[in-house]
Structure formats: structure tokens, C-alpha cells
């Protein structure tokens, strides 16, 4: 009897531990936009992307030094698309957006990416049926996005361009989700993600070659910037991915996914406190509508 009580208590403590880790991960992810915004003072969006990816790849390799093997042409194409959409396009669009708009705006607009995923599944891939609940979610999201767009940064030029780029980065992340989920091989999640980062590094490097962007930016490698890059690549990308994967395993996808909704809130608060950005009631209302729309779009009734 006593042993059973102890086992239950230990199990409960383990669950609490993984909840704390999931919360830690979303707090870290919520700070990435503010960290990137700081780096943009000395580096270009593509340079931040490349350096961050190199840090992430290096740490993932250190944690799991298993060699990457060629599995099949189909899988390699999917890995390439995952790296292109989930690393290069997603971060390039998001980083560039931060040049023109508030980090709080970008955070709220990128939150709509799960809604894009459901819409793509309904109309393009046709793996899910469109429903009334999904229609309501779409209308709510459109209203929410419109309210966020109303919060234009007057101190920055092309504020609307930044907002549009943030939305497009969310769309790129949706395509990454489809490409990555279609990969069928026996590699561990850590090695798979490392391979995605490798293709992200390759496609980002090709972009830099075509555009003539400098690979090395020595004057930008200050201690503060290096610390930010280590945070973005080593902690936010590599370490948090491992922690999140394990939290999913122990708590289940449903429980851990609820923590995702804290990310834009954290990003907004840090944008106000650390970067001096302004946040209005209209923007917060728009963010709430987007979050509710994403929640409704991912309900079983809306995607069944």
C-alpha cells in the first residue's frame, strides 16, 4: 500500500517536473524575438540565421554524434524542403520582419501559423474537411490580424511590410510541418532535426552566395552578440528542441501544446520592457482573437 502511494507521488512529481520544463522552453522561445532584435543592430537577417543554425547544428551533433546517412531520394527531398521552409525561409522572413515592425507584432502574427496548417490540410492537401467551426476560426483570425496590423510602428518605415513578412514566416513554418511529418526513416528526432538544420545551413549559404551577402562579419562578434547567438542557436534551438521532444513524450502532445499560447504573451511583454515597444489594447485584443482562432481550428470538430 505504502509502495503504491510512493509510486503515485513520484509519478506526480515527474509530471510536475516535465510541466516546468515545458514552461521553461516556451519562456525561452518567447524571448527569441527580442534577442534577434538586439542582434539586428550589428548583423543582417541572413547572417543571424546562419550563425544561429551553425550553433544549433554543432550542439545537436555534440549531443548525438551519429553520422547522417542517405536514406532515399524522397526523404532527402523532404529534408531539403524542411530545411528550406523551417530554417531558411522561416527565420529569414521573421528576422527581416523585425527590421520593420515591433517584435510584439511579429510574435502575435506568427502565432497564426497553426491556422495556416489546418487551412492547407483542408484545401491543398485535402487531408481534413472544412467545417463551420474552422470558418469561424478563420473569421476570428482575420479580425485579430487586422487589429494587430492597426498597431503600426510610427518610428519605423515600411511597418506594413514587416507585418506581412511576419505572416509569411508563419506560412513557411506550416509548410515545414507538412514536409517534416512526411519523412519516414529510422533516425532519432535529434538526428532528424540536425539534418534539417544542415539543409537550412546549405540553403542559407546558397542565398548568401547569390545575393553577395558577407559570410563573416567580424566587427559584429562582440561578447554580447556571441552570447545572444549562443542563446538562439544552442539553447533556444538545440537544447529546447530536445527538452520539448521529451516533454511531449512524457506529458503528451495535447498538454504540451497548450504552453505554446504563452509564447506571444512573453514576447509582447519583453518587447515592451526590454525594447521600449508600445502595446495597445487593440493589439492585445487582436492577439487574443488569433490565439482563440488557432485553438478552435485545432479542435477535433473543426478538423474532422
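Residue positions begin at 1 at the first shown residue.
Cβ from N, Cα, C; glycine included.
Marked as domain 'EamA' by TrEMBL: 17-149 (among others). As a whole-number mean, the pLDDT of the domain 'EamA' (17-149) in this prediction is 84.
Per TrEMBL, the feature domain 'EamA' maps to 161-298 (among others). Taking DSSP states H, G and I as helix and E and B as strand, the domain 'EamA' (161-298) has 116 helix, 0 strand, 22 coil.
Positions annotated as transmembrane segment by TrEMBL: 20-40 (among others). Counting same-chain residues at least six beyond the ends of the transmembrane segment (20-40), those with a Cβ under 8 angstroms from any Cβ of the stretch are 48, 94-95, 98-99, 103, 106-107, 220, 224-225, 228-229, 231-232, 235-236, 240, 243-244, 246-247, 251, 255-256, 259-260, 262-267, 270-271, 274-275.
Per TrEMBL, the feature transmembrane segment maps to 46-65 (among others).
Within the same chain, residues 45-46, 48-49, 52-53, 165-166, 168-169, 172-173, 175-177, 179-180, 182-183, 192, 195-204, 207 sit at least 6 positions outside the transmembrane segment (77-93) and bring their C-beta atoms closer than 8 Å to a C-beta of that stretch. Taken from TrEMBL, the feature transmembrane segment covers 77-93 (among others).
For 99-121 (among others), the entry in TrEMBL reads transmembrane segment.
Look at TrEMBL and you will find 133-150 (among others) tagged as transmembrane segment.
As annotated by TrEMBL, transmembrane segment applies to 156-176 (among others).
A Cβ distance under 8 Å defines the sequence-distant neighbours of the transmembrane segment (196-220), meaning residues of its chain 6+ beyond its ends; these are 39, 42-44, 46-47, 49-50, 53-54, 56-57, 60, 68, 79-80, 82-84, 86-88, 91-92, 180, 237. Among the features that TrEMBL reports, transmembrane segment is placed at 196-220 (among others).
The transmembrane segment feature in TrEMBL is assigned to 226-246 (among others).
Marked as transmembrane segment by TrEMBL: 258-275 (among others).
Marked as transmembrane segment by TrEMBL: 281-299 (among others).
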*Tell me the residue counts in helix, strand and coil for the domain 'EamA' (17-149), as DSSP assigns them.*
107 helix, 0 strand, 26 coil
*Same chain, outside the transmembrane segment (258-275) by at least 6, Cβ under 8 Å from its Cβ: which residues?*
22-23, 25-27, 29-34, 37, 102-104, 106-108, 110-111, 283-284, 287, 291, 294-295
